[in-house]
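Participant: Supplied in structure tokens, the structure appears directly below.
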Amino acid sequence: MASTTSPVQSLITNSRFSSLYLSTNKVFLPSCQLLKNRFSPFSRSSCLAFSSLGDKKEAWVPMGMLSAKPLTFTGWNQNMRRRCQVEFPVVSAAAADADSDGLETEISEGHAKPSKSFAERFPALVTGFFFFMWYFLNVIFNILNKKVYNYFPYPYFVSVIHLVVGVGYCLVSWSVGLPKRAPIDKELLIVLTPVAFCHALGHVMSNVSFAAVAVSFTHTIKALEPFFNAAASQFVLGHQIPLSLWLSLAPVVIGVSMASLTELSFNWTGFISAMISNIAFTYRSIYSKKAMTGMDSTNVYAYISIIALFFCLPPAIFIEGPQLMQYGFRDAIAKVGLIKFLCDLFWIGMFYHLYNQLATNTLERVAPLTHAVGNVLKRVFVIGFSIVVFGNKISTQTGIGTAIAIAGVAIYSLIKANMEEQKRKAALSAAS
């Protein structure tokens, strides 16, 4: 059966664009990228393709000359003009370059767009992973930290180890450029020093409490931290605290009081240390607001850890140094062995730094309301897991008091987060 050639196909074949022909195949560039065909009057199944030019090398169009604008061929003859106007959407050479680099590209309206990363396509999944790692590392740290205190009850020295390992981690990270170290000057050092001092004091006092009482009881007392924050904002900074916030703190105070009265591991050292920790972290928050800089949170936390280490060294040396040298190290090594002792100290320091860093990175990804809920749930996780792992016996009143305190913290956090969100929206509205 003789094949029939349409006038249009013949005209294209005989023109100086002899490398173009009509075909029933899909449209391909040399880089195998699909093009949209606007040439629909002939047939739905007809597409345009580039064929090999053979020996006519002068017929090639350099890729650098291609653009994303439609390439229009008109005026070949009147028959062609009567049938339609043919447009060839030509993809920019950037698409071919992207393919050569192994990157996926998305073609839309003749443009090559790089595909989204995994974090951009699944932000909720990535944020959930951050929360999971934050909780997981926090629970592991609290459990391992308490186990170390069971055979090595020297919280000042252990606090120093936490910071030493964290500072070492920061230095290694800076050396490989993850992240790039931000420069620090004298003014920034002066601004960060009060923050670091409060961080060091709160950290050491928390560890003193962990060593003295059950982990669950320390975290129950530390649930009072919002109360101290509100009091400092009202009486130190002069900020007016709404009545609803004060009322939401009542269950926290009542719950902690109930839990403390019947806590089997209660002692004044653990209780007072946890309360001092609350005050220290409250003032850390106050000074942090005054020390807001353009530096990223990872570098800020690294510098705070380095400065805090210098504050933690003197009490560890003068309070626990003589005991450690006489029998502290010797007894610990005799109980668990040198290798396990060193490994335990290293890992509690690493978990301490990582969970704090993960907490900072996680809270940067979410809204204040999610931040508040996450903080409350973290404390619930730590209290629950510590009771299960260590088998701490708690009375019914202690359990009820702990639940009331956590519920009060949740209510306070939700109200405070909503207030902060309203302030942020009002500021944006005023700016616009």
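The backbone N, Cα and C atoms fix where each Cβ goes, and this holds for glycine too.
Feature annotation from TrEMBL assigns domain 'Sugar phosphate transporter' to 126-413. Residues or ranges marked as transmembrane segment in TrEMBL: 122-144, 156-176, 188-205, 243-262, 268-287, 299-318, 338-355, 376-392, 398-415.
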Participant: So are the transmembrane segment (122-144) and the transmembrane segment (268-287) touching or not, going by 3+ C-beta pairs under 8 A with a sequence gap of 6 or more?
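Facilitator: Stretch pair does not touch.
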Participant: Between the transmembrane segment (299-318) and the transmembrane segment (188-205), are there three or more C-beta pairs closer than 8 Å, counting only pairs 6 or more apart along the chain?
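Facilitator: Yes, the transmembrane segment (299-318) contacts the transmembrane segment (188-205).
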Participant: Please give the sequence-distant neighbours of the transmembrane segment (376-392): residues at least 6 beyond its ends with Cβ less than 8 Å from one of its Cβ atoms.
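Facilitator: Cβ under 8 Å, 6 or more out: 134-135, 138-139, 142-143, 146, 214-216, 219-220, 222-223, 264-265, 402, 406, 409-410, 413.
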